[in-house]
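Undergrad: Straight out of Swiss-Prot:
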BINDING   55, 56, 57, 58, 203, 204, 205, 206, 221, 268, 269, 357, 358  NADP(+) binding site
BINDING   143, 144, 145, 146, 147, 148, 149, 150, 288, 289, 290, 291, 292  substrate binding site
């Protein structure tokens, strides 16, 4: 580890338990893994809870890199400060924090949070407000927040923000596919607080839950007339769509729902070009961890070079999100406590991969 200020009364161990990729990206539990490297710009966090996200199994499945620690969203307690942060006063040892990291990162293999300790970028880590429990804090995490900053502001180009909402005259309708997912309920809140009108697509069984986050209208994707119904409701003028799922059937529905003049389709997964059938619709893939400003060393369209401007935007965005957390305006997704520690994470990953989770965020206690 780099020189850092640590909690002297509790010396850090030399090894930890972590979930790490093996050959072919197969994830397994290791009990003698090294602690993550603490760079000057990072803080070391003793993990209390982790959230399980679809990206956690997808990263290992699609981009197998033996040695990578998996896991993105966490909450925990600061136990060491990188040299850049040791004297700033922004963080101190013992602080309760939450955030998101680029787990299963081929060029930073020790960073994942499915471990006893995680090394987190301090500028993209939140202080947990006093009113919030650590389980809910893990559900907030940071991955979705960063992704939506890039998606709503830079990809869809929406005006306004929760800090500075647009007036009614500038409000636009935004379709959120998979509105009952954690990204969906977060997007719905941010859109509503920014002055816009979030329209959700999800299963009818989750309508009441999504409405409670601010959706103005909901449509059931099971309906054979879902796209036509959306076009009718929006008077054929819909021009902004967010699709966290980005499978062929979701892309088809979103393209069919888009208004006559077209618009922007923001995908959070790589999209198949053959389903992007309308020239007036401009598709774009957003990779959430690009908000950190570093290189994304993946492939299949997810790769990107370092972009310092995204980091500048991201720091400002996270500062605004901290304000929302502190004021209690930002709600986390409904939590489903999942037992079993590291074994529980492995079981939870299987449930997500086999699509057995709906309208809930799986949270596992580690510390």
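Each residue, glycine too, has its Cβ placed from N, Cα and C.
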Undergrad: Going by Cα-Cα distance, pick out whichever of the binding-site residues 203, 221, 269, 358 is nearest to residue 145 (substrate binding site).
TA: 269
Undergrad: Near residue 143 (substrate binding site), which residues of its own chain have a C-beta under 8 A away, given they sit six or more steps off in sequence?
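TA: In sequence order, the residues whose Cβ lies under 8 Å from that of residue 143 (substrate binding site) (at least 6 apart) are 53, 55, 72, 73, 100, 288, 289.
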Undergrad: Find, for the listed binding-site residues 203, 358, the residue with the lowest Cβ contact count at a 10 Å cut-off, counting only other Cβ atoms.
TA: 358
Undergrad: Among residues 55, 56, 57, 58, 203, 204, 205, 206, 221, 268, 269, 357, 358 annotated as binding NADP(+), what is the maximum Cα-Cα distance? Answer in Å.
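TA: Roughly 27 Å, rounded to the nearest whole number.
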Undergrad: Using all protein chains in view, find how many other C-beta atoms are within 10 Å of the C-beta of residue 55 (NADP(+) binding site).
TA: 26
Undergrad: Compare the C-alpha of residue 269 (NADP(+) binding site) with the C-alpha of each of the binding-site residues 147, 149, 290, 292, and give the closest one.
TA: 147
Undergrad: Please identify, among the binding-site residues 57, 203, 205, 221, 358, the one with the smallest Cα-Cα distance to residue 292 (substrate binding site).
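TA: Out of the listed candidates, the nearest Cα belongs to 57.
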